[in-house]
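Take a look at the structure set out below.
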Amino acid sequence: MTQSLADMRREYTRDGLSEANAPSDPFSLFRQWFDDAVKTERLPVEPNAMTLATVDADGYPHCRILLLKGLDERGFTFFTNYESAKGRQLAANPRAAMTFFWPALERQVRIEGSVEKVTPEESDAYYQVRPLGSRLGAWASPQSRVIADRAELERLLAETERRFADQPPSCPEHWGGYRLLPQRIEFWQGRPSRLHDRLDYRRQDGGWSRERLAP
C-alpha cells in the first residue's frame, strides 16, 4: 500500500438532513434521494447498485453487490438465480439487508426486512426486457456452483444458444425476483467532523415511526 489506511479520510461538506425536510413516508425520501443520485452520480457508477446481505442456515453472513430493479409501496425488488448461494440462503432464512451508498452526495441508505419471491408473472415481465445475452446466461450459468474453467461456462452458453436458436428463451423456473419488505429504513447524510445526520424509520401500527440516531 502506498498510503496508511489510518490516514485515508475526507471531510463531508454537503447539506444536512433534518426532520423538518424529511417526509413521514420513507419511500418518498428514498425516491427523492435515488433521483438525486441518478442526476449526480456519473457513469460507470450505477446508482441502483446496492450491497445485499443474507445469512445462511449456519448463521454466517454473506454480502454481494446487486442492482435494484423495482420499487413500489410493497418494497425493493431484485432478481437472481433461485438456486444460487443467495437463493439458498434466503430459502433458509428469508430476511435480508440492503445498503445503498452514493458517495458524490455523501449519502447512504440502509434497509432491513423480510424477503419474499415475486410472482412468476413479475419475473417473466422483467426477464423479457433483459438483453438476449442476459436471458441466455440465466439458462447457461449454474450460478454459485463450481466449474472447471472459463471454457466450461462458454460451452454451456454455446449449448444454450443452440437450444434457443429457433425460439426466444423463456424465463427459467430457477430464476426470478425477490422483494424485500422493509421493516426499517435508515437515511444517513455525511456531515462535518463525523457528526453525521441519521434518520431511522421503522414500521409501526400500519405506518412508520421516525427517530434521529446519534452518529
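Backbone N, Cα and C define each Cβ position, glycine as well.
Among the candidates Gln3, Gln32, Gln108, the residue that Swiss-Prot annotates alongside Arg64, Ile65, Leu66, Leu67, Leu68, Lys69, Phe79, Thr80, Lys86, Gln143, Ser144, Trp188, Arg198 as binding FMN is Gln108. Considering only the binding-site residues Glu11, Lys69, Arg194, His196, the residue whose Cα is spatially closest to the Cα of Lys86 (FMN binding site) is Lys69. Following the DSSP three-state reduction, the secondary structure of Arg194 (substrate binding site) is helix.
For Trp188 (FMN binding site), other Cβ atoms within 10 Å of its Cβ number 21.
Working note on the binding-site residues Arg64, Lys69, Arg194, His196: by count of other C-beta atoms within 10 Å of each C-beta, His196 ranks first. Residue with the densest Cβ environment among the binding-site residues Lys86, Arg130: Lys86, by other Cβ atoms within 10 Å. Trp188 (FMN binding site) carries a strand DSSP state (E or B).
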